[in-house]
Amino acid sequence: PRTVWLGHPEKREQRYPRNVINNQKYNFFTFLPGVLFNQFKYFFNLYFLLLACSQFVNELRLGALYTYWVPLGFVLIITIVREAVEEMRCFLRDKEVNSQIYSKLSTRGEPLFPLIKRTFVPDFCHKGSCFLRTDQLDGETDWKLRLPVACTQRLPTAADLLQIRSFVYAEEPNIDIHNFIGTFTREDGDPPVSESLSIENTLWASTVIASGTVVGVVIYTGKELRSVMNTSNPRHKIGLFDLEVNCLTKILFGALVVVSLVMVALQHFAGRWYLQIFRFLLLFSNIVPISLRVNLDMGKMVYSWMIKKDSKIPGTGVRASTIPEQLGRISYLLTDKTGTLTQNEMVFRRLHLGTVAYGMDSMDEVQSHVFSAYTQATEAGNRVTSTPASRAPGATKVRKTISSRVHEAVKAIALVHNVTPAYESNGVTDQAEAEQHYEDTCRVYQASSPDEVSLVQWTESVGLTLVGRDQSSMQLRTPSGQILTFTILQIFPFTYESKRMGIIVRDESTGEITFYLKGADVVMAGIVQYNDWLEEECGNMAREGLRVLVVAKKSLTEEQYQDFEARYVQAKLSVHDRSLKVATVIESLEMEMELLCLTGVEDQLQADVRPTLEILRNAGIKVWMLTGDKLETATCTAKNAHLVTRNQDIHVFRPVTTRSEAHLELNAFRRKHDCALVISGDSLEVCLKFYEYEFMELACQCPAVVCCRCAPTQKAQIVRLLQERTGKLTCAVGDGGNDVSMIQEADCGVGVEGKEGKQASLAADFSITQFKHLGRLLMVHGRNSYKRSAALSQFVIHRSLCISTMQAVFSSVFYFASVPLYQGFLIIGYSTIYTMFPVFSLVLDKDVKSEVAMLYPELYKDLLKGRPLSFKTFLLWVLISIYQGSIIMYGALLLFESEFVHIVAISFTSLILTELLMVALTVQTWHWLMIVAELLSLACYIASLVFLHEFIDLYFITTLSFVWKVTAITLVSCLPLYILKYLRRRFSPPSYSKLTS
């Protein structure tokens, strides 16, 4: 708990954290130790470190020191540079966010600037209340009304806040974004005034003020902010692919130990055999390739660069360049709704009157009906003071003309809402003048729900404009410019239980009293007069993904209203069962109401959401939607985005609070097949508490799952459960601060840079500008990265196994001596300058064109089984390596003449040629850089022979016998593999080759 004094910073008792956010993994001091620890905690790198250190011991020394230290140093430098670049980027992004400025009120009475970007808790507003957008914090699209502290409202200027002696007492920081407890105390009054503060008086960080300016007291900062406490610490993500490669290197290490022991055993453990074991371990250390890590890390950098440079997905950023292969094996996609799938912009789509419906293309007809209704009214008004809408109560039986029905409907929509028009100066007109003349250009609508605003904007577009509103009255302007005033007698606000909202107004010009009601079709069906079209049309509109509201009215006489008001006031005064009694009184009015129309409002989807979801579904990825929004809204969006296909049922999980209820509801759900699940956060909590295993098992079988009213931490919990239960890879997509936890928890986090800010894209591993780019990111880049890395890693292993096999053959022929076959530069050159470029050029390889990969997302399904890199393929490469290594070595031993130097020359040249030919065999689509790499490596080798006279006899190389021997050995080692590849292509081609032919 804390006490904050207004204008007296010297009175504070404790220190509070600085108001900064920090997404970095390391700081200046922990960077080097941290990076080195993260590198050497891998078995792989630790092994090489020990290996290099052993060279300082004379008995174990095999050759020049640089043969072991240079490769290790190279690996570490690349890693450190890469981490440093990422940390620097992260630091700069944080700095950008942290340098946003707020204006501070000081005793010198400086002018106040609006707090637009990020605002804090609690606040004292001048004009009174203000509206907040909280979608970044909790994912809800509704605006929230926030109230000022009453006793500060009577102060003449903002600077006077610092003159009064007052303080705020607030609870300690916690993660609950929906509650707040505090008090505001003013001591200089007589007696001192205390007011309680609740969530209604607060503005959390990451929320945006919808309009106006606010003066507030800062209560929480930095890491005590609700939005920060709701996000988990960024974890160091390690890709599944890296873990698999790590596993393979452990197997290779096991093989290395076995080979060394066998060699010593064949010497019959003679002499100091334990030293011999170590020498053999060092001699065969090539079995575990050090260049594997470097090649894969460089490959990751190339993939990241390709993603950034892809012109089809502009603006895509890679924040974590260590896990691009993960994108190729996603099984579950968890997406946010607001701002990710939808634009969070409501558009009025349809007005339905039962016999006739108006879509977007026929709104001009509605406009002309409204216009004619009011022009006739003014003409008639000159003779008799009445409007066509107000016939005598007895005349309602007469069939109304279509024009008056449209007018009635539009008038009802313009009246039954909680929208307040506000006026702001636009540079030309100042605020007071705009309010007086109802300036159209200066008007903004404020309401708790964007749906309501879209309805009022629509009535404005067809000619009936809401121009003014206060607690007791409302002003509408007709197409002819006449102002109609309505007195608000009663308002019945919308609640989640009642699902409807009503208002009773009196038309000042005629004195007529009307009760208007709008609500969801489920509740309104029992309230309106019998008709045969309501249910069917509501179903049709809902299937199109529109949010449907039913609008009805009832005319009241003065006596009926007085009677109602008396009973209503009586009910409100009762102590017992007050809410029940009030509801009963209101329900006495809600009978036999006249059905006016249905309205359909659509929350516009982001561009190409439907085809993208279609692609993901065909690729075998299950999509779950986790949102903080309401159940109805979430279900509508799921239908609209075709997350749930037309022929699938939706099972809405009933709200459950106890174990037995959850049990019954789970059993009911178990009976359904091929059915999408919609569940709310509270019910989910209960299910996970008692039946976690059963619930996850059922949910994972669903084609689609929608979780609504999810707290940010709950989203992360669902991701974690999916990973634990299924062992599959998850990808989370979101755009708001409320998605950060989920993004950081998932194996792949993708942030969408939205209008709402960059919080999610800053915390994510990959950031995209639109949801539709996700399809290409996974189908093309993810697939390619994974397949290329798989090919690259196996090839590097093959390269080092070849030379190790040759060393083994060489040692066993020469009485198991621990003597290296190749020394010094030959051994370093082999895995770098002679074969590095062609092997690395495999990162440019692709099996199908990107258009084909997008057209046939089924190709992605194959990768989910992890076939490109498995024990089967690994074993195949091991066998190839042993075959080729043995052939080359035995061939050289058979064909060499007098000198030992000739063995080195023949075998090394054959080895280099074999490697180059094997790269050519592995490539599926040639790229000009690959050809350059092959020729460059060959040229490097031929050129370097001049300098290698200590290992290779130059005169011998130029002889014909050398040429034919090398050619023969190389052919024997490579030709059989070429033939096998051709036969396999012919008789059991892989799935992608059918598409490329």
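Glycine residues also receive a Cβ, built from the backbone N, Cα and C atoms like all the rest.
Model, not experiment: these values are computed from the prediction.
The stretch that TrEMBL tags with transmembrane segment, taken from the ranges 691-711, 796-816, is 796-816. Candidate binding-site residues: D336, T338, D735, D739. Nearest to R547 (ATP binding site) by Cα distance: T338. Here the transmembrane segment (62-81) sits against the transmembrane segment (28-50); at least 3 CB pairs are under 8 Å, leaving out pairs fewer than 6 apart in sequence. Taking the Cα atom of each, D735 (Mg(2+) binding site) and G628 (ATP binding site) are about 13 angstrom apart. Among the binding-site residues F494, G628, N738, the ones whose Cα sits within 10 Å of the Cα of D336 (Mg(2+) binding site) are G628, N738, in sequence order. T338 (Mg(2+) binding site) is 8 Å away from G628 (ATP binding site) when you measure Cα to Cα. With respect to Cβ neighbours within 10 Å, the binding-site residues D336, D739 differ, and D336 shows the lowest count. Packing against the transmembrane segment (273-296) from elsewhere in the chain are residues 44-45, 47-48, 51, 54-55, 59-60, 62, 71-72, 74-75, 78, 242, 245, 249, 252-253, 255-257, 259-261, 263-264, 267, 789, 792-793, 796-797, 799-801, 803-804, 807-808, 811, 818, 820, 827, 831-832, 836, 839-840: each is 6 or more residues past its ends and has a CB under 8 Å from a CB in it. In this structure the C-alpha atoms belonging to N738 (ATP binding site) and T338 (Mg(2+) binding site) are separated by 11 Å.
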